Amino acid sequence: MPSPSLVIAVDGPAASGKGTIARGLARHYGLPHLDTGKLYRAVALSLLRWGGDPDSEFAALRACEDIANLMDDPELKSEMVGGIASRVSAYPAVRVALLERQREFAGSEQGAVLDGRDIGTVIAPDATAKLFVTAAIDERARRRHAELTTAGLPVHLEDILIDLKARDERDAGRDAAPLLMADDALLLDTSAMSPAEALAEAIRLVETRLAT
Ligand SMILES: Nc1ncnc2c1ncn2[C@@H]1O[C@H](COP(=O)(O)OP(=O)(O)O)[C@@H](O)[C@H]1O
Ligand SMILES: Nc1ccn([C@@H]2O[C@H](COP(=O)(O)OP(=O)(O)O)[C@@H](O)[C@H]2O)c(=O)n1
């Protein structure tokens, strides 16, 4: 049985493997998992479907009202939606609109695993264990390319690389909750690891936190 309030924060840049690790940690410790990137992607998709302007904070805020039925939409995975998500997620009003449900999830009595960009810094600053997952940009681009190709989306590796670099810069450079490694986070570079090796190392790092 997991500790009743075990909360694990997993942050990192796009396609670093944080979602795979977060899902694996949730399975290992028997905890519920929230992929917070899906919330921002759903806002982006809602905006796209309705024809709202991503340059308008007001339009992006309106798009937040209409995301419940988009959470399992296959189009969420596209790099186009990811790119718009990284633009609308820079708006403070959008971050505030999505804050409470993430805090509630992180505060659940049964504990939780959340992955995103600002989990260890803003959403769950008191998390039991914080991991900052990263990987070399070329490796991340290869992984995302393989993922999207397997899903049947026609994409070019060079375009993915350009998109990921732009998204990294936007996510790290914004004023509102930028992508930032928390002071007390543990770094996990998965560049040369298989998914199974990365999960084993993540469990080892969480255990070191639980032991202290
Ligand atoms: N260590 C790894 N080695 C190779 N591929 C990986 C590894 N970790 C994840 N992947 C694959 O890379 C893609 C992106 O991983 P994901 O966990 O979704 O990243 P993120 O949540 O950081 O965007 C997925 O297709 C996943 O299966
Ligand atoms: N906690 C979070 C999660 C995602 N995001 C934004 O949402 C975008 C999509 O997030 P994601 O986690 O689905 O992206 P990937 O890492 O899976 O490519 C990111 O580029 C961020 O701009 C955020 O700002 N804060």
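Any Cβ shown, glycine's included, is placed from N, Cα and C.
Straight from TrEMBL, the features:
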type	residues	note
BINDING	Gly12, Pro13, Ala14, Ala15, Ser16, Gly17, Lys18, Gly19, Thr20	ATP binding site
DOMAIN	8-207	domain 'Cytidylate kinase'
Quick note, Ser16 (ATP binding site): same-chain residues at least 6 apart with CB under 8 Å of its CB -> Val133, Thr134, Ala135, Arg140, Thr190
Taking the centre of the Cβ atoms of Gly12, Pro13, Ala14, Ala15, Ser16, Gly17, Lys18, Gly19, Thr20 as the ATP site, the remaining residues of that chain with Cβ inside 8 Å are Ile21, Asp115, Val133, Thr134, Ala135, Arg140, Thr190
Averaging pLDDT over all residues of the domain 'Cytidylate kinase' (8-207) gives 96
Restricting the binding-site residues Gly12, Ala14, Ser16, Thr20 to those with Cβ under 6 angstroms from ligand 2 leaves Ala14
